[in-house]
Amino acid sequence: MKTTEKKELTGYVSRNVLSMLGLSLYILADTYFIANGVGPYGLTALNLALPLFNLINGLGLLMGMGGATLFSLNKSAAPEMGKKYFSQLGLISIILGLLFTVCGVFFVEPLAVLLGGGTETLPYLMTYLRVILIAAPFFVVNNFALSFVRNDNNPHLTMVAMIGSSLFNIVFDYLLVFPLGLGMLGAALATAASPVLSLLILTMHRRKANRLLSIEWTRPVWKTVKDSVKLGVPSFLTEMSNGVSILIFNIVLLSLAGDIAVAAFGVLANIFLIGLSMFTGAAQGIQPIVSREFGKKNFITVAEALKFGSLVSLSIGVVLYAAMVIFKLPVIQFFNSTNNQELIGYASQGIPIYLASFLFSGLNIVFSIFFASIAKPDFSFILVLLRGYLLIIPAVFIMGSTFGIIGVWSSLPMVELLVFFVSLFLLLKTSKQTFSKKGTR
């Protein structure tokens, strides 16, 4: 890999890791301010809402990552197609977001009950969901636009948009929850405002001289949508797998120990979300370069980009796990202003077990997005299905019913380890098929 390519790769990965970290901060800010401004039942309600939040963000990634990958793969051969992909898929993203808005206006209570809202948590959950669902078009379009702008050679602007909007959310969160005393409503309003600011920042991409993206309103072409969805499914399922696993954990923990156990899981899940965001940032950081160089048949550069992304993810995982185990009690107290001893007990037991998954989940995410980036969505699909659905769902139920709460905490690292071995097998298979060929450099 040339020095210029190494510099470009380092820039993409570092900016995306920081950007995704910033993106996770507004959920973390919600967790902190709700835990300390509303209490354990508010924290439980937030955790019950996360699966639906994952679905909304996942649809933005479905259109964005899929369309942006299609854009990058064809950037050299057909650069004029970029604005067609951007415009057609952008329109579909808006429509998808509006469907959630309708649900937020008319169906918020049945959705809240479906997600597990009970007597204590239902009022908080309905308040939060109503705002998030009404604002869904902004979340979907923001994730879509971030993917395209990043792939149009502007990772710096996406970093500014994501970090800037997250910092705004933290400040706005504090003001609405504490000085104004709006509680759950304030946290939801602050979160909903974040993608609006991000989109405003992204409009500055119009000033970039060599951009390929512009809006050209045309009727969506079915083939474009189908190809984009096919490439975006791994990213969508990866995002949704977080929501599905949180939903399953919530169901099992509610049956085993009740609302406080779910609140403790909310602490663990939000810490895990920070790691997942950084892992996804590393994976998305190598994606534009991998797709571009694969399209040019520069297989050596593709392999080196994968190696770099894997090392970054593994390093992040090791550091995060060590830090969380060493400082677990201060971390728990950060979300426990009422000093609830039951919450402390569940969370301190869960952190060293549940977060051991950091050691493998980052590599699995990098491999999954890598396969989609080289037009092998079937391999990505296998990994995502195993991580988020086929293994984790039965594992949580079986381990929980057999070993209780310790079994619930153990299910995630066990699944990530199994998927890691499958990832290695698929990578070796891809290496023999593709990277054994001589690259152009």
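Cβ atoms are placed via backbone N, Cα and C, with glycine included.
Among the features that TrEMBL reports, transmembrane segment is placed at 12-35 (among others). Counting same-chain residues at least six beyond the ends of the transmembrane segment (12-35), those with a Cβ under 8 angstroms from any Cβ of the stretch are 42-43, 45-46, 50, 53, 146, 150, 155-156, 158-159, 161-167, 169-170, 173-174, 177-178, 183-184, 186-187, 190-191, 194, 263, 266-267, 270, 273-274, 276-278, 280-282, 284-286, 288-289, 308-309, 312, 316, 334-337.
Annotated transmembrane segment per TrEMBL: 55-73 (among others), in sequence order.
Annotation comment: TrEMBL describes 85-108 (among others) as transmembrane segment. With a cut-off of 8 Å between Cβ atoms, the residues of this chain six or more beyond the transmembrane segment (85-108) that come close are 56, 59-60, 63-64, 66-67, 70-71, 126, 129-141, 144-145, 148, 213-221, 224-225, 228.
Sequence annotations record features per position, and here TrEMBL assigns transmembrane segment to 128-149 (among others).
Here the transmembrane segment (156-176) has long-range neighbours at 15-16, 18-20, 22-23, 25-26, 29-30, 33, 146, 149-150, 182, 185-187, 189-191, 193-195, 197-199, 201-202, 204-205, 208, meaning same-chain residues at least 6 beyond its ends whose C-beta is under 8 angstroms from one of its own. According to TrEMBL, the transmembrane segment annotation covers 156-176 (among others).
What TrEMBL lists as transmembrane segment is 182-202 (among others).
Sequence-distant contacts of the transmembrane segment (271-290) (same chain, six or more residues past either end, CB-CB distance under 8 Å): 5, 8-9, 12-21, 23-24, 27-28, 65, 68-69, 72, 147, 150-151, 155, 238, 242, 301-302, 305-306, 308-309, 312-313, 316-317, 320, 324, 331, 351, 354-355, 357-358, 361-362, 365-366, 368-370, 372-374. Positions annotated as transmembrane segment by TrEMBL: 271-290 (among others).
According to TrEMBL, the feature transmembrane segment maps to 311-331 (among others).
TrEMBL lists 351-372 (among others) with the feature transmembrane segment.
Sequence annotations record features per position, and here TrEMBL assigns transmembrane segment to 379-400 (among others).
What TrEMBL lists as transmembrane segment is 406-428 (among others).
When each of 55-73, 128-149, 182-202, 311-331, 379-400 is checked for Cβ pairs under 8 Å to the transmembrane segment (351-372), 311-331 comes out on top.
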